[in-house]
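See below for the structure under consideration.
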């Protein structure tokens, strides 16, 4: 397995909610060569359906409070509609995609988040042992592209809502002992920007030293800070490189590449 | 592969709609030994949600007319909620289940039903080449129990609603050249009954000759007739035996076993 090189792509709600952009992204993804994994987030469809059904979506610090009725809806949306539409479209493009929740093949088993100041309900946290890398490697070796949705399970029959960024990072880290792993975060900007208002000010490369400088200078702040902290955490756990860029530029050089050195 | 023996279990809407009975069934399934596949139907949840959303479910000859809005709901219910709840519960019971729609790994590719007297919309029909048996065999060899929902795709990016009985039969037939296949239809009666009003009048064994006699005698009629026609069609295509019985008696001798001779 030491010559396996795999890229873990993560797409978020913004692109899931834009059918035309999602189609373009999947077309670009189909043009990439080599083994890959796609992790997708949720999007606004679940909240819209909840409102239609008279339920009130509740978010705390950007995370969805997931009671039993909410869990039903997010499982239906993320593991059902979104996951299967993405898989069917990748199949159309010649990519042998296979959709997975964490329960499928026990690929990601987590724990229900403990109640502290906030009771998030049926929300799952991952542990270092959460990812069943053997199934993922076996699928990749069979020419299959796993498509992971942000629903996991606790091994006791309970499905749990979780976060696509967390899943992408955990999968990348779990595969790192067996493969050269690139973790590719797609979002709505062209990369890490020197000037947050100028999408052309992409910083092409950031290593650990440069990262400390950029933090000290205040170039990296606000929403970008936790994203990059997570990226460097993955690098410190064996991921070879992390790419941050726009979903529609995955095959271009317009992006930020993060490495330890 | 010639020494592979596999059982394809099919459960329908009745048991899907009864959480307590479904839990009991899954417990019994977990006690069965050997490679197995579970195919599940839909249940009434999708129709109930459609009504909550102001949509009107339409059935013709027992089949759901599936417009785009209906397809969204059935994909969410069958491939999302039902499939993942079944998989998570089997994982709890120590069965390494993995849920699949037909799009996943291109496991079942069908065609949209042609419009004749009725336009069924996004409803899929299977062809003799629909089932990708290699993926199924590979999963079974890896100790995985595939759990199939009645959603397939057309290979052109379109998901299609189909019928769990049809999927179970097609999967059983596709595996027959490589394995000794038992197709086990679970339903609400104890088997094929001599007297439809007496659930204790189960006919334990029916071969092709006996089947013709029972038809001539009028013992097999009405709803049972298409079920047994399909069963014998599967036997004629290489399936070793078909079992028809109650979902909560899968491990008992109370059931009807169908063989060619």
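Glycine residues also receive a Cβ, built from the backbone N, Cα and C atoms like all the rest.
Annotations in TrEMBL come from automatic prediction, not curation.
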Name the residue, out of B:51, B:64, that TrEMBL lists for the same substrate site as B:42, B:43, B:161, please. B:64
Rounded to a whole number, how many Å is the Cα of residue B:43 (substrate binding site) away from the Cα of residue B:227 (site 'Transition state stabilizer')? 18
Could you measure between residue B:42 (substrate binding site) and residue B:227 (site 'Transition state stabilizer') for me? Cα positions, answer in whole angstrom. 18
Cα of residue B:10 (site 'Transition state stabilizer') to Cα of residue B:64 (substrate binding site): how many Å, rounded? 19
Using the recorded substrate site (B:42, B:43, B:64, B:161) as reference, state which further residues of the same chain have their Cβ within 8 Å of the centre of those residues' Cβ atoms, listed in sequence order. B:13, B:41, B:46, B:47, B:74, B:77, B:78, B:150
Recorded positions compared (B:10, B:64, B:227) - the one with the fewest other Cβ atoms within 10 Å: B:227
